[in-house]
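Engineer: Encoded as structure tokens, here's the structure I'll be asking about.
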């Protein structure tokens, strides 16, 4: 007779404790899309990011059938900051994080309404586009040129990016968001790639990890963002020499204790099983890490009652760590989890759908070009 998750939870041994409770995590991500605890209220302006963790988490668990895809797609499109009729707000276009400003619900591609405080946010544009692709949308209502114009307006002279047009912190996180946006839209005109590459290169620290910027401390998250960005650009081996890449590999592989930490002498944290693990995967040496210790650590942070993962054992689970815990397990090919694309941070199924979408755009553009030539002659 098949063993259910409830049966396994009834056990008291360590073997039961380290089971991956897939169905619990499906329900956890469902709740993240429906109702959130009061402590999440401060994240209202970043609601689209929470939706990404939940939707991509369900996709990784092959369980997107539990959500109403069409309704969520309409909601995401309603968060698109569209150009006005005179297109005077192009530098502010992209996706906002939620409807907190009270902008009228508009999931169409019609001209947007001007609002002095309305603008896209680079991380929300990244997660918004990701969610649409995860849900099977063809991005047909995305104003691609406006998104790219808004992205160009966020790049600074040193090659880094701000989050919003008014200015904000600028660091490697937003370079990664920009790289993902350009990759998903299959158009790198949204950034000055040479400047972005220079920023990544200058962020390499004395100990060979990558920092949030030049002269700062190496960090597992920023190392992922820099390496993944270069991989999406197809420039990794042009930017760093073999010797430098070997040094980066060494820095990353030294981050493992049982799970991974992001900086020397810092505690192990679930999310770094993806940040550092995916970097090692991109650098083609993840197979030399200790899978058993990593898996045991991730599962030690699993909430066996409500699902999800926390950053540490005996802590409350949250959407971010739940998602990256699953992605960390995916890198080790855990049963019941789809494969993750280590650079784009979505399932390989979604990345393949995106590749097919790019091909369809290319075919459409070629046909349109051919038709124009035919008309001209």
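Using the three backbone atoms N, Cα and C, a Cβ is placed for every residue, glycine included.
Remember, predicted model here, so these are calculated numbers, not experimental data.
Copying in the features that Swiss-Prot gives for the protein in this structure:
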REPEAT    144-186  repeat 'PFTB 1'
REPEAT    193-234  repeat 'PFTB 2'
BINDING   219, 220, 221, 263, 264, 265, 266, 272, 273, 274, 275  geranylgeranyl diphosphate binding site
REPEAT    245-284  repeat 'PFTB 3'
BINDING   269, 271, 321  Zn(2+) binding site
REPEAT    291-333  repeat 'PFTB 4'
Engineer: For the recorded Zn(2+) site, whose residues are 269, 271, 321, find every other residue on that chain with a C-beta no more than 8 angstroms from the centre of their C-beta atoms, and list them by sequence position.
Structural biologist: 270, 272, 273, 301, 309, 310, 311, 320, 324, 325
Engineer: Grab the same-chain neighbours of the repeat 'PFTB 2' (193-234) for me: Cβ-Cβ under 8 Å, and only residues 6 or more beyond its ends, written as numbers and ranges.
Structural biologist: 155, 157-160, 170-173, 175-176, 178-180, 182-183, 240, 244, 247-248, 250-252, 255, 260-263, 271-272, 274-276, 278-279, 282-283, 342-345
Engineer: When a 10 Å sphere is centred on the Cβ of residue 273 (geranylgeranyl diphosphate binding site), how many other Cβ atoms does it contain?
Structural biologist: 31
Engineer: For residue 271 (Zn(2+) binding site), what is the secondary structure state per DSSP, taken as helix, strand or coil?
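Structural biologist: Residue 271 (Zn(2+) binding site) sits in coil per DSSP, no helix or strand.
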Engineer: Can you name the residues of this chain that are 6 or more positions from residue 219 (geranylgeranyl diphosphate binding site) yet have a C-beta less than 8 Å from its C-beta?
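Structural biologist: The answer is 209, 210, 211, 212, 262, 263.
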Engineer: Rank the binding-site residues 266, 321 by the number of other Cβ atoms within 10 Å of each Cβ, and give the residue at the low end.
Structural biologist: 266
Engineer: With the geranylgeranyl diphosphate site defined by the record as 219, 220, 221, 263, 264, 265, 266, 272, 273, 274, 275, how many Å span the farthest pair of C-alpha atoms?
Structural biologist: 19
Engineer: Which residue counts does DSSP yield for the repeat 'PFTB 2' (193-234) in the helix, strand and coil classes, in that order?
Structural biologist: 24 helix, 2 strand, 16 coil
Engineer: Taking the Cβ of residue 269 (Zn(2+) binding site) as the centre, how many other Cβ atoms fall within a 10 Å radius?
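Structural biologist: Result for residue 269 (Zn(2+) binding site): 21 other Cβ atoms within 10 Å.
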Engineer: Is any of the binding-site residues 269, 271, 321 within 10 Å of residue 221 (geranylgeranyl diphosphate binding site) (Cα-Cα), and if so, which, in sequence order?
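Structural biologist: Taking 269, 271, 321 one by one, the ones whose Cα falls within 10 Å of residue 221 (geranylgeranyl diphosphate binding site) are 271.
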Engineer: Rounded to a whole number, how many Å is the Cα of residue 271 (Zn(2+) binding site) away from the Cα of residue 264 (geranylgeranyl diphosphate binding site)?
Structural biologist: 16
Engineer: How many helix, strand and coil residues does the repeat 'PFTB 4' (291-333) contain under DSSP?
Structural biologist: 23 helix, 3 strand, 17 coil
Engineer: Can you tell me the mean pLDDT for the repeat 'PFTB 2' (193-234)?
Structural biologist: 99
Engineer: Using a Cβ-Cβ cut-off under 8 angstroms and a sequence gap of six or more, which residues of the chain neighbour residue 275 (geranylgeranyl diphosphate binding site)?
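Structural biologist: Long-range Cβ contacts: 220, 221, 223, 224, 260, 262, 324.
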